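Heads up: the structure comes next, in structure tokens.
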Amino acid sequence: MSLGVSLLSVEGLSKSYGGIHAVRSVSFMLQAGEILALIGPNGAGKSTCFDMLNGQNVPDSGRITVMGGETTGRKPREVWRLGVGRTFQITATYPTMTVRENIQVALVSHHRRLYDFWTPMMSIERGEADRLLDLVGMAGYAERPCGELAYGDLKRLELAIALANQPKLLLMDEPTAGMAPRERVELMRLTAKIAREQSIGVLFTEHDMDVVFEHADRILVLNRGSLIAQGSPAEVRANREVQAIYLGEGLLYDAVHREGASA
Amino acid sequence: MAFYFVQFLTGLASAASLFLVASGLSIIFGVTRIVNFAHGAFYMLGAYIAFSLTERLSGALGFWGGIVVAALAVAVIGVIVEIVLLRRIYHAPELFQLLATFGLTLMVEDLVVLIWGPDDLVGRRAPGFKGAVDFFGQNIPSYDLFLIVLGPVVLGALWLLFQRTRWGILVRAATQDRDMVAALGVNQKWLFTSVFAVGVFLAALGGALQIPRDAVHHAMDLRIIVEVFVVVVIGGLGSILGAFVAAVLVSELNAFGILIFPTISLILVFLVMAVVLVIRPWGLFGKKEAPARRTPGLTVIPWRPLTSVERLASVVALALVAMLPFIAGNYALTVGAEIAIFVIFAASLHFLMAVGGLASFGHAAYFGLGAYGVAFLAKMAGLPMIVCILLGPLLGALGAAVFGAFAVQLSGVYFAMLTLAFAQIVWSIAFQWVAVTGGDNGILGLWPEKWAASPSHFYWLALGVSAFVVSVLRLITFSPFGYALRGMRDSPLRSESIGINGKRIQWTAFIIAGTTAGIGGALFAYLKGSVFPDNMGISLSVDALVMVLLGGVETVPGAIFGAIVYKALNIWLVSQTDWSKLVLGIFIVLIVVVFPKGIVGVVESVMQRRRAAAPKAAALSAKMEGAQ
């Protein structure tokens, strides 16, 4: 892994609501091409963290730097313009448009043509939109109304939309939540492949430990707003505190994962 | 000093009725999520029925009994309305609910004239409160003092009702999450009905208590409903305490505004509302709206530009319509020009409402501003007609730019109510600023120049401009801007996260819609030869809404057909009956209940079904052939 300027650097990020410290002095770095998982029990502060990185929530203190530029307190749309793509835990797409049009809107925004009042949308960025659809394995879906898509397909569409501005960093909040087991694995394999090929840094939150341990280069563990561990999957898995709080120490768990690893 | 104190008390007394009506509206909205436009009509009915009862029943008991019985009677009417009409539309988009209750308002307006006649009725004074109290040489009517006490008493009673009774707890629970309450086994139907009954009772009581202070007349519903909207917007929809505080604030502003700024007193309240909304978009005591419910089954047919065949068909249709002057007389041509103008107006609202998801309840403001723009330019500056038509709509654009900047900060019912309030501001200016606008007398003598003076020439002008405006709006709908605008309607979260400044997009759309409405208004001024404050009145705004909904809000060409059908029907009705509001009201209610997708919507879904059925049938027959 390169040791140049890190893609994303977070220093001392904090946020509290009333007397509750949702996120407490969280610091970490993310390199280009690295896949970093943020895990932790419900209420650990993962989503608050994510919303602050994305600009949907303003931190009380701390600094967020993307590619050397500070983004703390910037609006989501400004963060996006710096090359940060985002997918949502509950998908947010345009249900009344076709799948291709969903991507075209993002492309038009990326090329700053939102105030074009005359050119028919049909003829704008069609090829690029289809290329992105092909990339996420949805080549045949271009003309389908987005509102008719199955949930797993919506998640893939969101990934395609997030890639429209050629991001350097992808923020994925529970990318596989609500999907069937096989779909989960496929989506994360796809994400990992794209990230490696295009050297995109990925930060994702996830509850499915199979997905996390298979794809993450490094893992951050959050509990009650504080980072309690970070490191490679093996390090985190061996961490006693993490086991106690989140992973559990059951023999079955160990057995399954040791076998999985050796097979 | 004493004078100001008395003025202050008068304000407090007015606040009592306003609070009763506003709290009723708030309670109903909290549970059913319906913004009950008919609330003003129930207030008016309360006043009329109380008038009749107190005239017939004698003595103190007769008076106070009459007031209470009137409010109860109206509550019973409310229950019937809820069971027969509202239960059918709880799951419709909120726009349809506003529209259905507006239809009811129209019906009631004509019904009260049918029953009680068109004249103002002056009610009996309240027994026991007939005199006045002397305060340092100033007279305070003792009935005002009664009302001042009544307001807080009702507030306290409502507080007890909602905090201390089982019913109140259920209502509060339903306000937070009505699906959860239903899941817990509460009979939601009757909860909704009872809430509606209480809300209507409060409105009717507010109306009944007004009769010793004010004459009863058949336009009192619109006046109160606009004030009540202002009160709930300032106080926060769903908050009873907010309704009380805002009712006092608004009444005091009215009481002192008339002393300090007599010529712009009507505007003052709306200005305060605009300021509150900028600082606290959900009102002083309101909470942020939950994201709007997506209505299931709505809009599944993606829009697409016209095919070349369809484009050809449109051109042919336009050419045929342009032949009208060769076969029809002058009256038909004037009607035709009016319909063409209303196509412009409806198309401009459709752009905002269907493409942008922003349902304006005050779109007539920009239509009227365009008309007044023309009148100012022609009458004061003496400019030629063509220049007036080109520049007049800019007044609409200007109005839209100013009001739109505030309005797009909100969405849903708040947006609807704010646009309505802004339209009332514009109307008040036209009505009150007599020196410039001529007030109620309007500006007369705006006749087209020679080249456009004959009915056929003016018809062609209106048709040509209409076709041009509709084409431009359609082009924008399918441009990147149109998609960005639709994106904000579909998912603001997604738009923001792909770099779109949604509020700016919506503001631009608001200006486009205001400008095009202004073009319609400019032509309308020349068609009628005059402009009046009613060119920007509520009923015109609602006409536009009905046209869009009748045509089909989910379709692109809906507004055109809606405008043609509605306007033709309207002109015909007015020529046939004196009770056009009653018929129109019934018609609107029927559209909402029976025809929610509109004319074009129904046609499109039939065609879609055929198209979907065709390939399946072909595949099936191929399969059967293969099997044989």
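Cβ from N, Cα, C; glycine included.
Under the heading transmembrane segment, TrEMBL lists B:6-27 (among others). Long-range contacts of the transmembrane segment (B:6-27) within the same chain, counting only residues at least 6 positions beyond its ends with a Cβ under 8 Å from a Cβ of the stretch, are 35-36, 39-40, 42-43, 135, 138-141, 143-145, 147-148, 150-151, 154-155, 158, 171, 195, 198-203, 205-207, 209-210, 213, 224, 227-228, 231-232, 235, 237-240, 242-244, 246-248, 250-252, 254-256, 259.
Sequence-distant contacts of the transmembrane segment (B:34-51) (same chain, at least 6 residues past either end, Cβ-Cβ under 8 Å): 21, 24-25, 28, 66-67, 70-71, 73-74, 77-78, 81, 86, 90, 94, 97-99, 101-102, 104-105, 108-109, 112, 115-116, 121, 123, 199-200, 203-208, 210-211, 216, 218, 220-225, 228, 237, 413, 416-417. Feature annotation from TrEMBL assigns transmembrane segment to B:34-51 (among others).
Taking Cβ pairs closer than 8 Å, the transmembrane segment (B:63-86) reaches residues 32, 34, 38, 42, 45-46, 49-50, 53-54, 56-57, 97, 100, 104, 124, 126-127, 192-193, 196-205, 207-209, 589, 593 in its own chain, all 6 or more past its ends. The transmembrane segment feature in TrEMBL is assigned to B:63-86 (among others).
The annotation transmembrane segment is assigned in TrEMBL to B:98-117 (among others).
Marked as transmembrane segment by TrEMBL: B:145-162 (among others).
Residues 16-21, 23-25, 27-28, 31-32, 36, 39-40, 42-51, 54, 66-68, 70-79, 81-83, 86-87, 90, 123-126, 129, 143, 147, 150, 154, 167, 170-171, 174, 181, 220, 224 of the same chain lie 6 or more positions beyond the ends of the transmembrane segment (B:190-212) yet place their CB under 8 Å from a CB of it. Residues annotated as transmembrane segment in TrEMBL: B:190-212 (among others).
Sequence annotations record features per position, and here TrEMBL assigns transmembrane segment to B:224-249 (among others). Residues 11-12, 15-16, 18-19, 21-23, 25-27, 29-30, 35, 37, 39-40, 43-44, 105, 151-152, 155, 158-159, 162, 175, 206-207, 269-270, 272-273, 276-277, 282-287, 413-414, 417-418, 420-421, 424, 538 of the same chain, all 6+ positions outside the transmembrane segment (B:224-249), place their C-beta atoms under 8 angstroms from a C-beta of that stretch.
Here TrEMBL flags B:256-279 (among others) as transmembrane segment.
If you look up TrEMBL, you'll see B:413-438 (among others) marked as transmembrane segment. Listed by sequence, the residues of this chain that lie at least six past the ends of the transmembrane segment (B:413-438) yet keep a Cβ under 8 A from its Cβ atoms are 29, 35, 94-95, 98, 226, 229-230, 232-233, 237, 263-267, 270-271, 273-274, 277, 281-282, 289, 358-365, 368-369, 372, 399, 403, 406-407, 444, 533, 536-538, 541.
Annotation source TrEMBL lists transmembrane segment at B:458-485 (among others).
Counting only same-chain residues 6+ beyond the ends of the transmembrane segment (B:505-527), those with a CB under 8 A from a CB of the stretch are 334, 337-338, 341-342, 344-345, 347-349, 351-352, 355-356, 358, 360, 363-364, 366-375, 385, 388-389, 392-397, 399-401, 403-405, 407-408, 446-448, 452, 458, 461-462, 465, 469, 472-473, 476, 481, 484-485, 488, 495, 535. According to TrEMBL, the transmembrane segment annotation covers B:505-527 (among others).
The transmembrane segment annotation in TrEMBL covers B:581-600 (among others).
Here the transmembrane segment (B:145-162) has long-range neighbours at 9, 12-17, 19-20, 23, 27, 126, 129, 133, 168-169, 171-172, 202, 209, 213, 240-241, 244, 247-248, meaning same-chain residues at least 6 beyond its ends whose C-beta is under 8 angstroms from one of its own.
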